[in-house]
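Swiss-Prot has this to say about the protein:
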DISULFID  C155-C223  disulfide bond
DISULFID  C156-C188  disulfide bond
DISULFID  C172-C182  disulfide bond
DISULFID  C189-C202  disulfide bond
TOPO_DOM  1-19  topological domain 'Cytoplasmic'
TOPO_DOM  41-63  topological domain 'Extracellular'
TOPO_DOM  85-94  topological domain 'Cytoplasmic'
TOPO_DOM  116-234  topological domain 'Extracellular'
TOPO_DOM  256-270  topological domain 'Cytoplasmic'
TRANSMEM  20-40  transmembrane segment
TRANSMEM  64-84  transmembrane segment
TRANSMEM  95-115  transmembrane segment
TRANSMEM  235-255  transmembrane segment
Amino acid sequence: MPGKHQQFQDPEVGCCGKYFLFGFNIVFWVLGALFLAIGLWAWGEKGVLSNISALTDLGGLDPVWLFVVVGGVMSVLGFAGCIGALRENTFLLKFFSVFLGLIFFLELAAGILAFVFKDWIRDQLNLFINNNVKAYRDDLDLQNLIDFAQEYWSCCGARGPNDWNLNIYFNCTDLNPSRERCGVPFSCCVRDPAEDVLNTQCGYDIRLKLELEQEGSIYTKGCVGQFEKWLQDNLIVVAGVLVGIALLQIFGLCLAQNLVSDIKAVKANW
């Protein structure tokens, strides 16, 4: 009988997974670099880059931080995944996997803690919003963010309009010389659909009136309660987005680990 010869195929790196991971990460790299550039440009316009102490001078949140942090994380992840896949560099691929895995577990832990400690989270959110209410006039980006939130969720302050008493320009003390005394920002006002020109003085002296008289002119519900209501009303959409992000992260992890295994198998045959 003729001898049977068995042929073994040498292991090779899968091109599909390699270039899919490369393409997947180059998008994140570019987007991250764009966010980071926008953040640094915004800081440059505000003079923060020439005066780093300005970062700590602001009592509230500087929204530019979101662009810088998100852009920085996306840039680092995108670079490691992109170059690691293209150059078949196991160190960069492992770094990508560990970094992405750490972010995933931090997100998972944050979600669990937010569910378990709902009351504590609510109190912290109240405190966070009120700290930003105090700093409303200190930073234009923060001011625009608060105005957007109050208009979008039809709310005013953390718990209600009286939270604006925390701001030096809007408080009702006799020593306050501001024209905005006992008022609220225009973003708290109930807009008239027929009004073409925005009335930025609509909130002046409004808190001198009784609460029932305020209801037709300004939003009387707090932003924390309105945000919770929005989450409940859009729970399916929010959950879908979060699950989608988690699946993308798991998919990226699997691709990176599979590529590392292929590279190790090829190197083992050298």
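Positions of Cβ are set from backbone N, Cα and C atoms, glycine also.
C189 (disulfide bond) carries a strand DSSP state (E or B). Mean pLDDT of the predicted structure over the topological domain 'Cytoplasmic' (1-19): 60. Residues 21-22, 24-40, 42-43, 46, 48, 90-93, 95-96, 99-100, 103, 141, 252, 256, 259 of the same chain lie 6+ residues outside the transmembrane segment (64-84) yet bring a C-beta within less than 8 angstroms of a C-beta in it. The Cα of C223 (disulfide bond) lies closest to that of C156, out of the disulfide-bonded residues C156, C172, C202. Proximity of C189 (disulfide bond) to non-local residues of its own chain (separation of 6 or more, Cβ distance below 8 Å) is seen for N199, C202, G203, S217, I218, Y219, given in sequence order.
The Cβ neighbour count for C172 (disulfide bond), using a 10 Å radius and every protein chain shown, is 14. Within the set of disulfide-bonded residues C155, C172, C182, the entry lying nearest in space to C188 (disulfide bond) is C155 (CA atoms). If you measure from the Cα atom of C156 (disulfide bond) to that of C172 (disulfide bond), you get 16 Å. Taken through DSSP, the topological domain 'Cytoplasmic' (256-270) splits into 13 helix, 0 strand, 2 coil. Helix, strand and coil counts under DSSP for the topological domain 'Extracellular' (116-234) come to 58 helix, 2 strand, 59 coil. Under 8 Å from some Cβ of the transmembrane segment (235-255) lie the Cβ atoms of residues 17, 20-21, 24-25, 81, 96-97, 100-101, 103-104, 107-108, 111, all in the same chain and six or more residues away from its ends.
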